[in-house]
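According to Swiss-Prot, the features are:
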ACT_SITE  Lys16  active site
ACT_SITE  Asp141  active site
BINDING   Pro99, Met100, Gly101, Ala102, Gly103, Leu104, Gly105, Gly106, Gly107, Ser108, Ser109  ATP binding site
Amino acid sequence: MTDTTRSLRDCLAPAKLNLFLHITGRRPDGYHELQSVFQLLDWGDRLHFTLRDDGKVSRKTDVPGVPEETDLIVRAASLLKAHTGTAAGVDIEIDKRLPMGAGLGGGSSDAATTLLALNRLWKLDLPRATLQSLAVKLGADVPFFVFGKNAFAEGIGEALQAVELPTRWFLVVTPRVHVPTAAIFSEKSLTRDSKPITITDFLAQQDCNTGWPDSFGRNDMQPVVTSKYAEVAKVVGWFYNLTPARMTGSGASVFAAFKSKAEAGAAQAQLPAGWDSAVAESLGEHPLFAFAS
């Protein structure tokens, strides 16, 4: 990342994985109560921010299917500007590397990186708690990325406790299908009554020797997604012939953990054509964590 008084270049918006995802209930407002552990990855979109003196917020990169006015990046910058009353503006460029509709948190991570980066570039010095309160208005996953640590999440994903996770390498495979989160949450067959657990339940069963917490939990959305999207089911099936794997979020990405980059790369080399993939190392902290106190 390059940091000058006028710009911030090459800011990572890291992907996340849900090491497990349990749906424990549904609130009167329609939102689902969740429990999950979020894992940050050293892989994601790259954002570039350049200061403007005219107060305007402008996205300089076209993102297919995402109009500028509805882009979470622009919404995050505009929200921060409105909250603080700053006269500063910004040009934002994005190198989009994460697939959309994949359960990796790409748009939410972009929004969080925007909040953190502009907190520095605009010299706002807002505390993390304030940025998180703004993040809630942008989406359920955005507060986690502003929180900036691997976390045990509850509620709709906004109640977060930092958790230490072992360093490991992940192979993330994404079939070329878009899974709409809202549609999966509305499915009648979706499990909505998983028994609540505690953070100590997860930590006690983590298998740090193998580097994969497959002894704990599941993704409650996975059976619904694999029943409706054959390509996701194929990826899950391919992985289970090799190593334990799990879908992240509402899909479509499926991941497995490995002890080393070499092991993950060897598995990646066996993938059939037509699936996108990435090998990524776990992160313990968001790269822009220091941009808020």
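Including glycine, each Cβ sits where the backbone N, Cα and C put it.
Predicted, not measured: the structure shown is a model, and the values here were computed from it.
Each of Ala15, Leu98, Gly249 belongs to the same chain as Pro99, Met100, Gly101, Ala102, Gly103, Leu104, Gly105, Gly106, Gly107, Ser108, Ser109, is absent from that list, and has a C-beta within 8 angstroms of the C-beta centroid marking the ATP site. Every protein chain considered, the tally of other Cβ atoms within 10 Å of the Cβ of Gly103 (ATP binding site) stands at 30. Within 10 Å of the C-beta atom of Pro99 (ATP binding site) sit 20 other C-beta atoms, taking all shown protein chains into account. Rounded to a whole number, the distance between the Cα atoms of Lys16 (active site) and Gly103 (ATP binding site) is 8 Å. Here the C-alpha separation of Asp141 (active site) and Gly107 (ATP binding site) works out to 9 Å. Ser109 (ATP binding site) sits 8 Å from Lys16 (active site), taking the CA atoms of both as reference points. Distance noted between the C-alpha atoms of Gly101 (ATP binding site) and Lys16 (active site) is 13 Å.
Cβ neighbours of Lys16 (active site) (same chain, under 8 Å, six or more residues apart in sequence): Phe38, Gln39, Leu40, Leu41, Leu104, Gly105, Ser109, Asp141, Phe144, Phe145, Thr248. Gly105 (ATP binding site) is surrounded by 30 other CB atoms, counting those within 10 A of its CB over all protein chains shown. When Cβ atoms from all protein chains are considered, those within 10 Å of Gly107 (ATP binding site) total 24, not counting its own.
Of all Cβ atoms in the shown protein chains, 26 besides its own fall within 10 Å of the Cβ of Asp141 (active site).
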